[in-house]
Amino acid sequence: MPIHGAPRKLLGSLNSTPTATPKLGLAANHTGAPCLEVSIPDGLFLSLGLVSLVENVLVVAAIAKNRNLHSPMYCFICCLALSDLLVSGSNMLEMAVVLLLEGGALATRASVVQQLHNTIDVLTCSSMLCSLCFLGAIAVDRHISIFYALRYHSIMTLPRAQRVIAAIWVASILSSTLFITYYDHAAVLLCLVVFFLAMLVLMAVLYVHMLARACQHAQGITRLHKRQPPAHQGFGLRGAATLTILLGIFFLCWGPFFLHLKLVVFCPQHLTCSCIFKNFKVFLTLIICNTIIDPLIYAFRSQELRRTLKEVLLCSW
């Protein structure tokens with residue numbers, strides 16, 4: 001995304017600026033004050049993107065192959081994998097183009113590069129928005145399955161889930177086009193930040209509510225079988241730990257990127273903020289890491305999906 005302070009604009013590569021040496025150290029801002037700058041090696045960035053790409057392709061292939069997985073829940077998981085695939089793929093594509101331009105292996109007009117840059121940015125932004133939306137959709141789906149278990153199949157029908165999925169993709173593409181077109185307006189960046197916070201609050205409220213219901217259910221079973229209280233307490237601790245990990249990973253991987261957007265609006269010239277801007281590639285790397293972790297949390301925990309995945313891998317050999 002063409003954000004102030006982000007060293008990713010393709011047009012900047014036409015100047016043949018040498019790539020920074022990978023390091024973790026102090027860099028100076030425009031006033032000479034020291035800044036902590038973490039430089040991510042291009043090879044590491046591309047390797048993480050490739051891992052995410054392969055992992056999410058396998059999830060999509062497994063769900064597409066097994067008709068038993070063609071349920072609303074797995075449709076949302078499949079779309080999450082597809083959007084994560086696009087997040088990693090678009091970032092890898094832009095990084096590859098930047099490296100080719102810097103190395104002189106790709107020579108083209110500045111207008112063509114700018115058009116390619118805008119196209120990739122729309123793809124990146126829309127896939128990021130889709131990824132966040134489908135994380136929220138999965139949380140809503142699980143909440144309905146727990147609190148409206150008897151009516152779940154009448155509430156969350158496959159056609160209804162397909163309409164929700166189509167609406168998310170269309171809204172994300174349209175929104176990302178507007179965001180990229182008007183990226184220099186503060187209101188646009190603030191909308192993205194508010195959207196992230198809304199998804200974080202939605203997921204936190206729904207998962208905490210589900211954890212509370214699960215603890216009540218476990219407590220009822222404990223009373224029914226006259227077991228000792230520690231069994232229920234242990235369940236609550238495990239559930240709280242799982243919830244903390246789930247929300248913690250989401251916040252740690254996505255939070256720095258949206259903090260960057262917020263700082264672009266409120267303190268673009270501040271010394272501390274300018275130091276944070278130097279680590280933009282780190283924030284993108286964290287998002288790539290999230291696209292690697294998502295299948296582990298939402299997809300690979302399913303025994304049916306793992307079995308299908310083995311079949312897909314065996315068929316490919």
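Each residue, glycine too, has its Cβ placed from N, Cα and C.
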Swiss-Prot topology check: Val97, Leu190 same side of membrane: yes
Contact call for the transmembrane segment (164-183) and the transmembrane segment (119-140): at least 3 Cβ pairs under 8 Å, seq gap 6+: yes
Confidence summary (mean pLDDT) of the topological domain 'Extracellular' (1-37): 45
Stretch with greatest number of CB pairs under 8 Å, the transmembrane segment (119-140) reference, 38-63, 73-93, 241-266 candidates: 73-93
Chain residues outside the transmembrane segment (241-266) and at least six past its termini with a C-beta under 8 angstroms from it: 3-6, 132, 135, 186, 189-190, 192-193, 196-197, 200, 203-204, 207-208, 211, 273, 276-277, 279-280, 282-284, 286-287, 289-290, 293, 297
